[in-house]
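Enquirer: One structure follows; several queries about it will come next.
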Amino acid sequence: MFITTLLNALPGVVAQGLIWSIMAIGVYITYKILDVADLTVDGTMCTGGAVFIMLVTGGWNPWAAMVAAFLSGMAAGLVTGLLHTACGIPAILAGILTQLALYSVNLRIMGQSNRPISVDKYPLLVSARNVREAALSNPILVCVLFTAATIGALYWFFGTEQGCAVRATGANPNMARAQGINTNFTTVLGLMLSNGLVALSAALLAQYQGFADVNSGRGAIVIGLAAVIIGEVLFSKVFRNFALKLLAVVFGSLIYYLVYQVVILLGLKSDDMKLITALIVALFLAVPYWKGRYFAKRTGRAGKGAGSHA
Amino acid sequence: MLELKNIYKTFNPGTVNEKRALQGLSLSLADGDFVTVIGGNGAGKSTMLNIISGAYTVDEGSISIGGVDVTRLPEYKRAPYIGRVFQDPMMGTAATMQIEENLALAARRGQRRGLRTGISRAEREQYRELLKILDLGLEDRLTSKVGLLSGGQRQALTLLMATLKKPQLLLLDEHTAALDPKTAAKVLSATEQIVRRDNLTTLMITHNMRDAIAHGNRLVMLYDGRVVVDVRGEEKRRLTVEDLLEKFNQASGSTEADDKLLLS
């Protein structure tokens, strides 16, 4: 019984996991590459959907609306980036400020706290309704394409001169500046790219579930982190290539939603999931620290060098 | 080549932690000068290098490199003129990036970074050849993460990166201080070799008086944020550690040899 219900729910799990994986890849850019914890995404995860729905219901082509959603996310990233670099506000606080401001902005965009959109009336790219159909309209297909395109584009970008400059900024800002890299610019660029992807994911999610809600981004950063960390813990030994590392994030996101589904089927409410997600992330972050602290071999000074590039 | 005019720099002004690091520092380097810099702790050596590189801004005074006034330029805009090796081996390289990626970043110092590929095949071959000069076996590890290298290897790599694109000015901030004596000697001799080969204008801070005497064509001693001793040419060649101590005592007006200076 349990297994059949789970199998029944599996297509939905995959679709949701794929949609959120684009968001998680955005988080990966800031958290892993730029070494910044960017909390803007909780706001952007609504903005993208809000922008998309308002434009499409206003008569826009959904593809154009996707582009607009991506740009709206980039704008949010730009604000956080400028608060951080031009105004000297610590990155975490800059993100919190933008996130808070976005709550009002999102309400302004939507005019109300929740906006529905129907797949019957508008040519949406994905919809939960078709998730069990073996047809081209199945959202899983579109989501796979979006995820693959995202990974491909980022693999290309982070191999370019400018992409390498962004990576160097996260790896060692002193070295980056010594090599003539404007680290303020690269930080802003990374934040814009990240939030653009988050907004893109949000636009897909809004279509998939058929609405955008002002609260739909709450805790998004933690879900994104969960995907990044689960992917890293489970696949970092096998996946070394950059594209594969991004794929690990996608797997992390899929696993997260699988666990989510299992927990729901076991009788917990979806309202409990935020608590469980927070616990999972806390645990996955704490375990490597405990390992390093209590189980490391005593190597004296050698540990200094080994620890500094963690 | 390098012109420092009457530079003042005070940290935490108006607080109990106020520190007057540079107090009217002036120094002028000719093209091809290899200047070693010594001085006790707090004499202003590192601060001097950091105001040249742009890591710190000056309170007063002016800095020009090759005739260009860089006083108001941010750090990254001065990078085209300057190659740097830091005291901390972790500072000069990106640990999570590959050896060849680090070199490719350095090869583009001072260039506009666009959407061309971050590292070309031709470059890889060039880097392999250059790494052979270091004689550390790094030429076979181009795709290794720099974080896996030892402090000495990282420092040697940083040196290579600093000079990969010939800088107008090379700044070495006690770049062998954190290394064991054998590795330090190796890195120092590589430094000497590269500086001679490219005839680089160089400022090298060192804690070691013997190194300061053995290298370069000119020696500068800082005290209290000013240049108090400036020896060059024939006089520099005949310099001994005793002479230096004598000069230090004269300059500082103290009769006891400062043991901080004697750390070497």
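Here the Cβ of each residue, glycine as well, is placed from N, Cα and C on the backbone.
So TrEMBL has the following annotated:
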| type | residues | note |
| --- | --- | --- |
| TRANSMEM | A:6-29 | transmembrane segment |
| TRANSMEM | A:139-158 | transmembrane segment |
| TRANSMEM | A:185-208 | transmembrane segment |
| TRANSMEM | A:220-239 | transmembrane segment |
| TRANSMEM | A:246-267 | transmembrane segment |
| TRANSMEM | A:273-290 | transmembrane segment |
Enquirer: Check the transmembrane segment (A:139-158) against each of A:6-29, A:185-208, A:220-239, A:246-267, A:273-290 and return whichever range has the most CB pairs under 8 Å.
Expert: A:6-29
Enquirer: Who are the long-range neighbours of the transmembrane segment (A:185-208) in its own chain, taking Cβ under 8 Å and residues 6 or more past its ends?
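Expert: 15-16, 19-23, 25-27, 29-30, 33-34, 36, 38, 40-41, 44-53, 62, 65-66, 69-78, 80-82, 84-85, 117, 119, 124-128, 139, 142-143, 146, 150, 157, 162, 165-166, 168-170, 176, 216-217, 220, 224.
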Enquirer: What residues elsewhere in the chain lie close to the transmembrane segment (A:246-267), defined as a C-beta under 8 angstroms and at least 6 residues from its ends?
Expert: 2, 5-6, 9-10, 12-14, 16-18, 20-21, 24-25, 28, 147, 150-151, 154-155, 223, 226-232, 234-236, 239, 273, 276-277, 280
